[in-house]
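Residues or ranges marked as region 'Disordered' in TrEMBL: 1-51. Taken from TrEMBL, the feature compositional bias 'Acidic residues' covers 34-51. Residues or ranges marked as transmembrane segment by TrEMBL: 127-145, 157-183, 195-214, 220-240, 249-270.
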Amino acid sequence: QGGGSAVIDMENMDDTSGSSFEDMGEMHQRMKEEEEEEAEGEAGAAEEEDGEFLGMKGLRGQLGRQVADQMWQVGKRQASRAFSLYANIDILRPYFDVEPVQVRARLLESMIPVKMINFPQKIAGELYGPLMLVFTLVAILLHGMKTSDTIIREGTLMGTAIGTCFGYWLGVSSFIYFLAYLCNAQITMVQMLSLLGYGLFGHCITLFVTYNIHFHSLFYIFWLSVGGLSTLRMVAVLVSRTVGHTQRLILCGTLAALHMLFLLYLHFAYHKVVEGILDTLEGPNMPPFQRVARDIPGVSNAVLNTTAKAVALTL
């Protein structure tokens, strides 16, 4: 430990004296790692760019498929909803849910006019009774066609009867409803169908009697009494639901004229008087039956004289 000692104390040496090589190695390692990371980043970016380029096409195709599927599902739901709307019988159930006692009471009420103008009269919002009356009128009209030997050149008797009765019921109901809308009458289409349908009860009674008892005087009596009562019932209901004298006159006059004229049409268009039945039985080309003398073969006068003399001698 003298002043000139050449011994080096290794313990007092700084540990950082030989760390430069280690630092260089670490720096080299870090540079490699950074280069590898940069290479991986560039490769990832290139892959992302390629994926984005390819993904745009895939995304467009996927969006197109999704839109097409969505449109198909919407159309399918709308079609199924429309089919279920028309196929579901529960929609029509309230219009046919009626007891026979109620139908009988409404048939009797259709023949009783009620003078009540202060507030609207009640109208049954059901279609069972009117529909059955229309079918009854079809059967009665078909019976009248067959008994009167009505000939339909185009179509059949059944088709003509159904078309006539249902055409009047639906057509006149629609026309009167449109006229009631113009005249500001408080009535719906279902109520109009029910009112006019029950109004055909008088037509059924009149035609059933007059098709079996062939008297025009009897028909006119039933036409004025029975048909007139059913018409007055409908007129009274419309008067109670219409405001204004002019509107009431137009609406009720049109309905009464159409209803009464339809009964006349059914009687005279598909009904013939019984006087022509004999001509029908003899045939269309046969002359009418006449009482004429028959031709007797000629006999000689000698034979007649001889016979007369023999009879005289015998007496």
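Heads up, the Cβ atoms here are built off N, Cα and C, so glycines get one too.
Most Cβ pairs under 8 A with the transmembrane segment (195-214) among the ranges 127-145, 157-183, 249-270 are made by 127-145.
Listed by sequence, the residues of this chain that lie at least six past the ends of the transmembrane segment (249-270) yet keep a Cβ under 8 A from its Cβ atoms are 141, 144-145, 148, 150, 164, 168, 172, 176, 179-180, 183, 185, 196, 199, 202-203, 206-207, 210, 219, 223, 227-228, 230-231, 234-235, 238-239, 242.
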